[in-house]
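Student: This structure is in structure tokens; I'll ask about it shortly.
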Amino acid sequence: MALPPPDPQFVLRGTGAAVHTLHFSCGGQEPDVPVLFSGSENGFIHVWNLKTHRVDTALDGHGRKSVYCVDTMGGKNRLLSQGRDQRICLWDLAEGRTSVTDSVFTENVGFCRCSLLKVAQGRWLMAMAAKALEEVQVLELPSKMSVCTLKPELGAKLGMPMCLKLWQLSCGSQPSLLAGYEDGSVVIWNLSMGKALSQLACHQEPVMSLDFDSEKAKGISGSSEKVLSIWSLNEQQNLQVYKTHKLVNAGISDITIRPDKKILATAGWDHRIRIFGWKKLKPLAVLDYHAATVHCVSFSDHKNPGERLLAAGSKDHRISIWSIYTQT
């Protein structure tokens, strides 16, 4: 008999607005306090202390416009945030500082989250939706030098990029970009050639979120429909549909595979978080706590598997924190 799903381990309240993005930074050594970054519709980024369950710092750098992406660059003192003010900000949070050290003006009106990839010590690639509606721009950070602009072929009619994922097989191998588009396609781009290698129609509706397991060369995407699409990338860099999984209710805002590649979580328009086994997409749990759309899900990067957490942010202004399937 299946166990009933657990309650949240704890709930973080106090953002004062819908929560659109979450990112953990828990990989440090003691006495380094594990933190969770959240970005809200009111333009604030909150730095949550996971020991006290309270906000350590509130950052205001996006002119009170919704923040829809937060990420870190090699530790919790270097934060990247992206907002509806068309800016991506780089923050220095060391020694209690709360300053924006640099920013990129994207000139993009959509809400496609940028994607970061560490390519060398102190060097990162960042992919972002560009000013021209169908294009993706890749920059190097911290230099902000342009690496390439990825333009669909004439007549491709992909629409706007909706979600992006930079990845590489191992440090030093060629980075690639997976992009989900408004027409429901997922495209893999070669960055050094600046061209699309393969395109796959995964959904009838815009791709809202995707994640990719580079070890298994297998990815997953969700849209506003009642279906998750699982696809694979063969050695010729061609995308193929692996299988689809029908959902009870339509609408997926976010998908994330846990770093150990054992399970994945989806954020649902039906207010629910769903947990699946990644190997066979076996449904494992439905976490029913939120009173409105769940916008984002994120797994923690704790070194010790037993401490691993799942966070979910919702339109109901709350962040639920779960300890689930921590025994591997």
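Cβ coordinates are placed from backbone N, Cα and C, and glycine is handled just like the others.
The repeat 'WD' annotation in TrEMBL covers 200-241, 287-328.
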Student: For a three-state summary based on DSSP, what are the helix, strand and coil counts in the repeat 'WD' (200-241)?
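Tutor: So the repeat 'WD' (200-241) is made up of 0 helix, 25 strand, 17 coil.
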Student: In the repeat 'WD' (287-328), how many residues does DSSP assign to helix, to strand and to coil?
Tutor: 3 helix, 17 strand, 22 coil
